[in-house]
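Asks: Okay, here's the structure, questions in a sec.
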Amino acid sequence: MIKSLIVFIFIAIIISLFAGLYFLLKDQSRSHRTVQSLVLRVSLAIFLLLIILLGVYSGDLQLRTAFPIPDS
Amino acid sequence: MTSQSYYVPAQSRWPILASIALFLMAFGAGSLINAMSADTGGGSGLIMLLLGSLCMGLILTGWFGHVIDESRQGLYSDQMDRSFRWGMSWFIFSEVMFFAAFFGTLFYVRTLAVPWLGGEGDKGVSNMLWQDFSASWPLMQTPDMDAFPGPAGLIDPWHLPLLNTLLLVTSSVTVTIAHYRLKQDRRSQVIGWLALTIALGFAFIVFQALEYAEAYDELGLTLHAGIYGATFFILTGFHGMHVTLGALMLVIIMLRVIRGHFEPDHHFGFEAVSWYWHFVDVVWIGLFLFVYLI
């Protein structure tokens, strides 16, 4: 479940990034669409990091590496 | 069709000079790695690599300066502007293909080739080559430990890699704020946010170098530590080169803002560099997920 969510958010990050590229090439710096796409992109990245940390703390996300998340 | 004239630049020496510098870098890096494998020291490979890097740095500075000067003289028409956008498109296409190949290698090795060697799947018969080998990932025990000893340890993702992830994502936030401030024509703030982005970018590179030192000196995780070491260094190493290039481009963009270049509705150079920085950040998130974590 959580791995599917991570993959879904990662794909959304890539789509918003390339939407930004499309507007960069299309709008000739005159619109706000590029920067808006990039705001969405970085917001999704922050959300993804939170989901990863939440998943590891709760134990729902099993990592292949042997490293436990450090105790805070 | 329009009757607008097409600006054709004069013949340029930069492409051939860049080709020579890149050849020196590639030849030097190859010779250096071979010399390191043979334990004969860096020697001429290191000198060639450093010389090529120095030449490439000078060429990029000169080439960017040339293009910026021509743009500031008003020599570029709308058609030329579209050419820059096409150039950017092809450049990004090549970058995507480049990283797709390396991520593809990682997936192929991890989900197909190593399990086959361990006796699983369609080509599991290949286990007869190394019958004691059992597949695992990360590959700590290689099929032939005498020829290719696996790593003794792995990078802990919750120390330097997590720190570097936070640094790069934060730098994407700061470059986006700089972008918004440019749109609002608040130039002093643009410079401040760009300076912070550059500092975060160079901090990433320093921490990545520390991670490599830890990998080599303490963990036995090297380019020779089997396929895991090779894929680890090729993915993170090429990404590190892209961060270095992106940080240099950000420095150039900041110097241009200081000199009064770019308008709120005309700043393709700025926007392209900002987007590239976001691209480099997304590649890192992919690395953090697939190389370090999952």
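A Cβ is built for glycine as well, from the same backbone N, Cα and C atoms used for every other residue.
Quick caveat, the model's predicted, so the values are computed rather than measured.
According to TrEMBL, the feature domain 'Heme-copper oxidase subunit III family profile' maps to B:2-294. Annotation comment: TrEMBL describes B:12-33, B:45-68, B:89-109, B:158-178, B:190-210, B:230-255, B:275-293 as transmembrane segment.
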Asks: Is it true that the transmembrane segment (B:158-178) and the transmembrane segment (B:45-68) have 3 or more CB pairs under 8 Å, sequence gap of 6 or more?
Replies: no
Asks: Where else in the chain does the transmembrane segment (B:45-68) make close Cβ contacts, counting only residues six or more beyond its ends and a cut-off under 8 Å?
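Replies: Same-chain residues near the transmembrane segment (B:45-68) but 6 or more away: 12, 14, 17-18, 20-35, 248, 252, 256, 261, 269.
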Asks: Over the domain 'Heme-copper oxidase subunit III family profile' (B:2-294), what is the model's mean pLDDT?
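Replies: Computed over the domain 'Heme-copper oxidase subunit III family profile' (B:2-294), the mean pLDDT is 90 on the 0 to 100 scale.
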